[in-house]
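Q: Pulled these from Swiss-Prot:
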BINDING   Asp17, His18, Gly19, Lys20, Ser21, Thr22, Asn134, Lys135, Ile136, Asp137  GTP binding site
DOMAIN    5-187  domain 'tr-type G'
Amino acid sequence: MQQQSNIRNFAIIAHIDHGKSTLADRLIEYCNALEAREMCQQVLDSMDIEKERGITIKAQTVRLVYKADDGCVYHLNLMDTPGHVDFAYEVSRSLAACESSLLVVDASQGVEAQTLANLYQAVDNNHKILIVLNKIDLPAANPQQVQQQIEDVIGIDASDALMISAKIGLGIKDVLQAIVTKLPSPNGDSQSQLKALLIDSWYDSYLGVVILVRVVDGKIEKGMRIRMCSNNAVYTVENVGFFSPKKQISGVLYTGEIGFVTAAIKQVADCRVGDTITDDKKPCAQILPGFKPNLPVVFCGLYPSDASQFNHLKDSLQKLRLNDASFEFEQESSGALGFGFRCGFLGLLHLEIIQERLEREFDLDMITTAPSVMYKVYLNTGKVIDVHNPADLPEMQKIKSMSEPWVEATIFIPDQYLGAILGLCTEKRGVQVDLTYVNGRAKLVYLLPLNEIVFDFYDKLKSYSKGYASFDWQMNSYKQSDLIKLSILVNGNPVDALSTIVHRSKAEFRGRELCKRLKDLIPAHLFQIAIQAAIGSRIIARETIRALRKDVLAKCYGGDITRKRKLLEKQKAGKKRMRNIGNVEIPQSAFIAALKITNKD
């Protein structure tokens, strides 16, 4: 049993690509947690998608054993967290399990938007902050200027910030020494009843549901009967251990420690992230506060390409939700696509990652509908309803008004790109709140409609600023807007999967653009196909796919013109009849094209 005073629990937080995972690699390497042949880049990024994209998606934990200069052996529980705003929920769960944070800042880039967002979360959790300036070996690094920037922008003392280069291993011992001397040990009563926080869970085909816990009071050991406080489900603990980063069976976890527990849990719904776990025989008197779940902000429909795969998709979504608590889904049906699920995500990257994981890990082939956000619809009757699926929107004459979600966006950019970014924000219906300058960089605060930023705002921001802009946002409020439903009709029949809710000023552009895309993607038939964009009963854009022509005169070598005319009239009548009864098959690529429409001038 390790003394509680010799345990340190800390999270590594930073903006995207400031070196969190590389620093975690160096700490693991220095503590000899893995042999040299087992080390690789981003060793804690276990998913293929993480390695390919070079980003952290899942927060990971590892226990390191470090012998300090004072001769004592310390157990360091490190949690590597994602930097992207779409995975902020992973960060909040990691912070709830720790007492302190390493704030990593790139010495060449300085303070970025997500640096601030993650730091404020850590401060809200009463964390002790240790500032680490990374990449000081780069020619563009300016540690003194970044220290000043941290003090000016964030308002915390950076005079004793640690100077390191995680890539070449410079200053790693200083970081470890600072962790054991400056960061606090966990609080908690080792003699009290068991009280543990459920941080994460995932599904294992052999072990059932595996849960990751932080023991706040007491201890959890093999053979113990544990109870989930949210639903009173009781299980017998089969195995207890920790990650080093390989899985190690210890048989017991004491106060302040972080590790995994298996208990033959088969019900996915029994494990709710943020739940309190206690001893079934001697339950704790008060449950832990947990943490507030992030509400999804982007919604889309997921449908199996083959209807027989519906149950497989349902099982896959349930297993994935166990591993990603910020993702939500509910069953729905569509006239064009059949049975599927309406899913909620924290952003467009989150949507992309979930879709890719479903395809890779569960071998699913799916159709994804256009993303939308949650709107508040005020009816003439006085009732207020939430709508995130355009197909559920009532008729326009029944609607008094509609409100859409607005966000407060914080953007950091070098001065020379300010004009282009101000133009982009104005184009997206933004309202400027604040503009300040710090050491040659501008900090912009804008209010923007969420519907405008979920599609292509981030891509355009990076393009306009040559990749130098950083961006973070948080929900602000709902505001009344002139919103309408844009319907797409193919051959006179509405396709509900392609309908969207848009601002009236953008409706004509989006309708025309979508009709053009569909004209290129829907194959020609033996009859003419009309593709129309409509607002209510008014058509605002139209494209026509010409009919394939069968040459009925091929066998007529000369002869009377009336014979040819008779054959052409017969073909014309047949095409007219076919247009009335024929079905148009819309390929999957047409639905995917709806995602890629950008507001180009």
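Backbone N, Cα and C atoms are what each Cβ position is placed from, and that goes for glycine too.
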Q: With the cut-off set at 10 Å between Cβ atoms, which of these binding-site residues ends up with the most neighbours? Options: Ser21, Asn134.
A: Asn134
Q: Can you tell me how spread out the GTP site is, meaning the largest CA to CA distance among Asp17, His18, Gly19, Lys20, Ser21, Thr22, Asn134, Lys135, Ile136, Asp137, in Å?
A: 17
Q: Pick from Asp17, Gly19, Ile136: which of these binding-site residues has the biggest number of other Cβ atoms within 10 Å of its Cβ?
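A: Counting every other Cβ within 10 Å of each candidate, the maximum falls on Gly19.
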Q: Tell me, what is the mean pLDDT of the domain 'tr-type G' (5-187)?
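A: In the predicted model, the domain 'tr-type G' (5-187) has a mean pLDDT of 81.
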Q: Quick check: in three-state DSSP terms, what is Asn134 (GTP binding site)?
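A: SS state of Asn134 (GTP binding site) = strand.
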